[in-house]
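Copied from TrEMBL, the annotated features are:
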{"type": "DOMAIN", "residues": "102-166", "note": "domain 'Tf2-1-like SH3-like'"}
{"type": "REGION", "residues": "139-187", "note": "region 'Disordered'"}
{"type": "COMPBIAS", "residues": "177-187", "note": "compositional bias 'Basic residues'"}
Amino acid sequence: KNPNWPDALPAIRFAMNSAKSQTTGYSAAYLTFGRHLRTTDDASRDQRAIILSENFVPQITPYLLNLTNTIRQSQLIQEEQQDKSKEYADLKRREAPLFSPGDLVLVQTHPLSNAAKGVSAKLAPRRDGPYRVLQQISHTSYEVEDPERPGNALGKYHSSALQPYHGPEEQPPSGLVRRRGRPRKKQ
């Protein structure tokens, strides 16, 4: 526990609100309030007397136009940054597999550890199946049934929780049998 935390919190909040955003180039306070936050030195001078005695309409109109342009510009920059982030994320994205009715799939499981039953989630199988696709509900979800009990729908699953089932290989691939150790000298 830090005993000085309540004293340090206002300074931390001020620093976070007045820091410039990497995306927009402006601080959150400037985009919210239209001005930079005042420090304690600025707040010690009372500005109310000046504000009450003067007419600021000619001075504030260009300021508001500038603020409007700044907010529009920051929104455009933010949208460009979001587009760049999406393009980068889409590079590593994998298209969802398309299943047709009758395809065999494996369903992703979500096991929970239970020490009383001796079950460890880390050692449990990640997928269960094979199950048969009954129908496509939407472009990303499918209804699945157990092939041993036809007509009994198991549930609806998102395509990210399904994986195509390829079946067991009939013959294991025959690898080249290599001798261990150093090769014999040729005479």
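In case you wondered, yes, glycine gets a Cβ from its N, Cα and C as well.
Curation plays no part in TrEMBL annotations; they are all automatic predictions.
In the predicted model, the domain 'Tf2-1-like SH3-like' (102-166) shows an average pLDDT of 91. Across the domain 'Tf2-1-like SH3-like' (102-166), DSSP assigns 3 helix, 31 strand, 31 coil.
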